[in-house]
């Protein structure tokens with residue numbers, strides 16, 4: 001069995017975790033108390049959903065997940081919420097004082113007091129797995145726990161589980177819903193530390209999600225619940241192939257194989273369609289070609305950047321619902337002729353396609369309409385470097401004045417770590433630039449013959 005363990009760190013990670021597990025339970029027909037009426041094999045079995053849920057002898061399904069936060073209030077909501085019976089109390093780990101939006105507190109001072117307990121709980125979950133394939137880590141870049149503690153955890157996971165894949169779902173800070181002035185510092189410090197430990201990181205830009213909620217779902221003032229429900233749909237689409245019998249991307253390593261050309265270039269761009277409110281869904285026919293086209297609209301991306309200015313290195317289309325290969329092939333053929341999709345010249349312009357026949361599920365009372373089919377596109381494009389450039393610029397503005405740095409130094413960091421992290425980010429931007437540059441040999445002859 002190829003199990004995945006989800007680790008939800010900090011407030012953002014935990015709240016996205018809530019949305020995701022709520023959706024998984026609906027998709028698999030698991031009740032809030034963990035019972036699953038449709039499951040015939042009690043106490044185990046080799047069903048696909050067992051990658052995410054373990055079964056007890058009493059027929060209860062328990063998420064293979066750990067929730068960690070350095071302060072208790074957010075996880076207390078899980079402990080008292082609808083799904084309180086779903087989780088084992090030991091899976092919900094809280095500290096006493098928070099990281100106060102300070103990477104150094106999350107990584108050094110406060111984080112180190114709780115890390116061993118967390119690793120111990122992860123070890124217990126890992127022991128229940130017959131063939132653990134890896135970890136999904138959910139966190140934000142901006143918070144102290146999300147940035148500092150995650151990077152500490154990733155370092156330790158690399159030591160304890162060297163060969164296992166680690167995928168991240170990271171929330172990229174947005175100006176609209178900013179919670180701290182020091183988000184650029186935390187983001188760059190955490191990216192620098194986790195870069196070599198993470199195999200694949202799906203970034204989600206709060207601003208992009210915010211705009212999608214406003215534009216496509218007509219929510220004037222989106223709340224975190226709106227954002228998280230949308231994010232959970234995307235996470236669910238990406239992990240559907242792991243939880244249902246799918247044909248493509250059946251395990252985590254396959255994501256890397258398909259999307260990561262070089263170890264550092266591991267930030268695929270996710271795009272999801274259709275995002276549509278129930279009122280509108282009645283009047284629109286969302287065919288395979290329409291939703292496929294929508295994936296190439298920058299407006300539907302999870303990170304604000306423009307792929308038309310970048311080049312693609314890889315492209316995966318994950319369909320779910322009522323989709324047949326014939327329609328998909330037609331849709332892709334149309335896109336190849338119409339769209340100005342530029343692949344790097346050292347990479348074949350193939351689209352990898354996965355179809356999962358389980359239609360998308362929606363949370364009752366949520367914002368999204370129930371649709372027959374949906375698609376999630378994962379593409380590795382050089383355009384995502386724009387996101388790093390924006391962040392680096394904000395970092396530079398503050399760091400030039402050494403603003404707020406004393407809070408980090410006071411928690412035992414050294415100023416050198418800032419410049420080291422910033423240099424690493426500059427190198428990352430450079431890497432993206434170089435990947436997009438055409439290789440030298442075949443220059444003259446094949447310029448006009450890309451497509």
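Placement of Cβ uses the backbone N, Cα and C atoms for every residue, glycine included.
From the candidate list 71, 90, 279, 284, the residue Swiss-Prot records in the GTP site shared with 11, 140, 144, 145, 179, 206, 228 is 71. Between the CA atoms of residue 144 (GTP binding site) and residue 40 (N6-acetyllysine) there is a gap of 44 Å. Taking each Cβ in turn and tallying the other Cβ atoms within 10 Å, the top scorer among the binding-site residues 206, 228 is 206. Each residue contributes its Cα atom, and for residue 11 (GTP binding site) and residue 254 (active site) those atoms are 30 Å apart. In this view, the densest Cβ surroundings among the binding-site residues 11, 140, 145, 179 belong to 145, judged by other Cβ atoms lying within 10 Å.
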